[in-house]
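First up is the structure itself, then whatever we jot down about it.
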Amino acid sequence: MAFSSNGFSMFVLVCLVVISSLSVASCAGNFYQDFDITWGGNRAKIFKAGQLLSLSLDTVSGSGFQSKKEYLFGRIDMQLKLVAGNSAGTVTAYYLSSQGPTHDEIDFEFLGNLSGDPYILHTNVFTQGKGNREQQFYLWFDPTRNFHTYSIIWKPQHIIFLVDNTPIRVFKNAESIGVPFPKSQPMKIYSSLWNADDWATRGGLVKTDWSKAPFTAYYRNFKVTASTSTSAFSDSTWQTNELDAPGRRRLRWVQKYFMIYNYCSDLKRFPGGLPPECKRSRFL
């Protein structure tokens, strides 16, 4: 979808009017309008009047971008097409984060692999600067052939990770049992493509094949439904504290057949006892 300069100005004006008049607003994004290229120079590029963005990694540097705005609760959707071919050693990160030593963070990280092997989707939640809540999944499709939608729903009650609108993970607010939950620090959206061959692929056993560089990932169809205050969540759409029955079935399907690591099952990692949220299955 291409915009003339007048058309793009009208699009931005409509978005601003919608957001200013509603406590919860949904608006399709434009990379020129909504994001800043933060590092990597011309390895990060915006195309098609702001409708497509690419990040690249070569022997000199990776690249990254971040949103201009911060968000406190909402739904973030982004379509990604990951690095094709032999992507071993590379990581494409797409996440929400606040700043500082006690930052909060909600992570998607895509760990590259040898040609023909599946990507690993790594998820994590940080609260007050502490993470260690990893769950990892294989995907049920090749994420390098087409664009797929990766979403984060962040509410005061829970965080839901979705792939093509299929829930893969739910992290519920468990403050009642002493587990911190990210609910007070606004976060920006970040993404980066970088070399992590010291750990990303088979624990660092498989290194990046630089003869295949540059490695490139693509982004499109950014959409945010966000709010700047908890009062906006009085709307019934946002009050829902649980997945519906079909959503729960899809979540169980993904976790049964595609989950390959769950911190709540790693007894060796937590010899003193699993984290408290792990003792209640409904908080996973």
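Placement of Cβ uses the backbone N, Cα and C atoms for every residue, glycine included.
Copied from TrEMBL, the annotated features are:
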SIGNAL    1-27  signal peptide
DOMAIN    25-219  domain 'GH16'
ACT_SITE  E105  active site, nucleophile
ACT_SITE  E109  active site, proton donor
CARBOHYD  N113  N-linked glycosylation site
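For the residue listed as 'active site, nucleophile', the same-chain residues 6+ apart in sequence whose C-beta sits under 8 angstroms from its C-beta are Y95, L96, S97, S98, N124, V125, F126, G131, P182, M187. In the predicted model, residues of the domain 'GH16' (25-219) average a pLDDT of 95. N113 (N-linked glycosylation site) is surrounded by 20 other CB atoms, counting those within 10 A of its CB over all protein chains shown.
Residue density at the residue listed as 'active site, proton donor': 19 other Cβ atoms are found within 10 A of its Cβ, drawing on all protein chains shown.
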